[in-house]
């Protein structure tokens, strides 16, 4: 990094700020959801759509981001991503209804989907390969700080200003970032193959319609017959994509990926695993505020140990997998996360609040070990010709499963709560207790998939793939 010219350093700073904006926004909103519900006159049971709309949009748009950057240029797309993200933030702050807020979050998600993958591509183009790892470490560090600051910052802004400021703070940062991108970043383009628009549309329709069908009865009052039609339509779109990919060599994601057994198992396990774990960052601050009566600031502070545990575990997870193997680590962390989530609920309902930071620290550590192991398992055996496509598909599945997880969590709250939730009441405690029991079962189920994973303990497998991903 010391030998890089000044203009390259500035370009890395621009990418780093983009990573920070995107990662901050994934966690800062969760703490503010109860306050948003009160301000908008909505039930807290409907507020999960604020999270789902953003994460699902990111999942849908991810496959197109790399192609757009190659075709139109990394500067143009990164500039557009920051502008869209900033405009989305402004519209979020100006929203007067839940529907307006959800639409604004969709616009924000379009920008967020392009920001991180295009940022990675930019680093690859402006930095020599010998310094690529150091450069990626530099630009991704703010992305790790964002989730740490997000809950606490969101709590401070909600408690001492209003929820609108969690979006307004993005505007000055976005303006500076857009100007710096336009002036300092080179606009690299390369020859691209034809974009698989039919495949992209089939996947986008399938993901969006299936998620809507999962949640429509509670949030939108859609009739059961309409929901059944939506579910059938979404499933048909996914099946049509599989048929399309089988016949088309230039498909968005080649079916040759699934000839690698560890990729198939890892992708299926990642999808199922992140549905369960994706519920926790959404449900925890909601429960702390609505179930236990914590202030937004206090609830935000309580989330910090979980992020610290996650960051700390990344330093030793490679050695753990090398020692015990993928199967043992994945099964143990999956079951362990389910048990820790039940421990959190038990400690909270017993009133032992002083133990909550320790439990959340443990939850972050277990979750991080599982995430890192799942990612490595999924990609480690792919041939180089398919590695980029496999990584893109994994990124899309990660976002999709998180949106499904939040949707299911909201559905469970609605089912047990029946629209009647009050602050720190006995009935509310029962609602969250039943919801957490269901969540624990959902979190534990992927252990069945991971039990089929080969228990590979070769030392170079994890470490070499970890380096390659950076």
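Cβ coordinates come from backbone N, Cα and C, glycine included.
The annotation topological domain 'Periplasmic' is assigned in Swiss-Prot to 1-11 (among others).
Here the transmembrane segment (12-32) has Cβ contacts under 8 Å with residues 4, 50-51, 54-55, 78, 81-82, 85, 89, 108, 112, 115-116, 119, 122-123, 126-127, 135, 138-147, 149-151, 153-155, 157-158, 163, 166, 170, 173-174, 177, 180-181, 184-185, 281-282, 284-286, 289, 296, 299-300, 303, 307 of the same chain, all six or more residues outside its ends. According to Swiss-Prot, the feature transmembrane segment maps to 12-32 (among others).
Across the topological domain 'Cytoplasmic' (33-48), DSSP classifies residues as 12 helix, 0 strand, 4 coil. Look at Swiss-Prot and you will find 33-48 (among others) tagged as topological domain 'Cytoplasmic'.
What Swiss-Prot lists as transmembrane segment is 49-69 (among others), and the listing cites sequence analysis. Counting residues 6+ beyond its ends, the transmembrane segment (49-69) has Cβ neighbours under 8 Å at 25-26, 29-30, 33, 36, 77-78, 98, 101-103, 105-106, 108-110, 112-114, 117-118, 121-122, 192, 195, 200, 203-204, 207-208, 211, 215, 219, 252-253, 282, 388, 392, 395-400, 402-403, 406-407, 410 in the same chain.
The topological domain 'Periplasmic' feature in Swiss-Prot is assigned to 70-76 (among others). Mean model confidence for the topological domain 'Periplasmic' (70-76) is a pLDDT of 83.
The transmembrane segment feature in Swiss-Prot is assigned to 77-97 (among others); the stated evidence is sequence analysis. Nonlocal intrachain contacts for the transmembrane segment (77-97), taken as residues 6+ away from its ends with a CB within less than 8 angstroms of a stretch CB, comprise 14-15, 18, 21-22, 25, 40, 65, 68-69, 103-115, 118-119, 122, 164-165, 167-168, 170-171, 174-175, 177-178, 181-182, 185.
Counted with DSSP, the topological domain 'Cytoplasmic' (98-101) comes out as 4 helix, 0 strand, 0 coil. Under the heading topological domain 'Cytoplasmic', Swiss-Prot lists 98-101 (among others).
Swiss-Prot lists 102-124 (among others) with the feature transmembrane segment.
According to Swiss-Prot, the feature topological domain 'Periplasmic' maps to 125-137 (among others), an assignment based on sequence analysis.
The transmembrane segment annotation in Swiss-Prot covers 138-158 (among others). Beyond the ends of the transmembrane segment (138-158), by six or more residues, the same chain brings 1, 12, 15-17, 19-32, 35, 116, 119, 123, 165-166, 169, 285, 295-304, 307-308, 310-311 to within a C-beta distance below 8 angstroms of the stretch.
Taking Cβ pairs closer than 8 Å, the topological domain 'Cytoplasmic' (159-164) reaches residues 32, 35-36, 39, 93, 295-297 in its own chain, all 6 or more past its ends. Look at Swiss-Prot and you will find 159-164 (among others) tagged as topological domain 'Cytoplasmic'.
Within the chain carrying the transmembrane segment (165-185), a Cβ under 8 angstroms from the stretch's Cβ atoms is held by residues 7, 10-11, 13-14, 17-18, 21, 25, 28-29, 32, 74-75, 78-79, 82-83, 85-86, 89-90, 92-93, 122, 153-154, 157-158, all 6 or more beyond its ends. Per Swiss-Prot, transmembrane segment is recorded for 165-185 (among others).
The topological domain 'Periplasmic' annotation in Swiss-Prot covers 186-196 (among others). Under 8 Å from some Cβ of the topological domain 'Periplasmic' (186-196) lie the Cβ atoms of residues 11, 64, 67, 70-76, 122, 125-126, 248, 250-252, all in the same chain and six or more residues away from its ends.
The topological domain 'Cytoplasmic' annotation in Swiss-Prot covers 218-224 (among others), and the record cites sequence analysis as its basis.
Sequence annotations record features per position, and here Swiss-Prot assigns transmembrane segment to 225-245 (among others).
Feature annotation from Swiss-Prot assigns transmembrane segment to 263-283 (among others).
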Touch test for the transmembrane segment (396-416) and the transmembrane segment (342-362), at least 3 Cβ pairs under 8 Å: no
CB contact flag for the transmembrane segment (342-362) and the transmembrane segment (431-451), at least three pairs under 8 A: yes
Per Cβ pairs under 8 Å, the stretch of 102-124, 225-245, 431-451 packing most closely against the transmembrane segment (263-283): 431-451
Contacting positions for the topological domain 'Periplasmic' (70-76) when only residues 6+ beyond its ends and CB under 8 Å are counted: 118, 121-122, 125, 181-182, 185-190, 192, 195
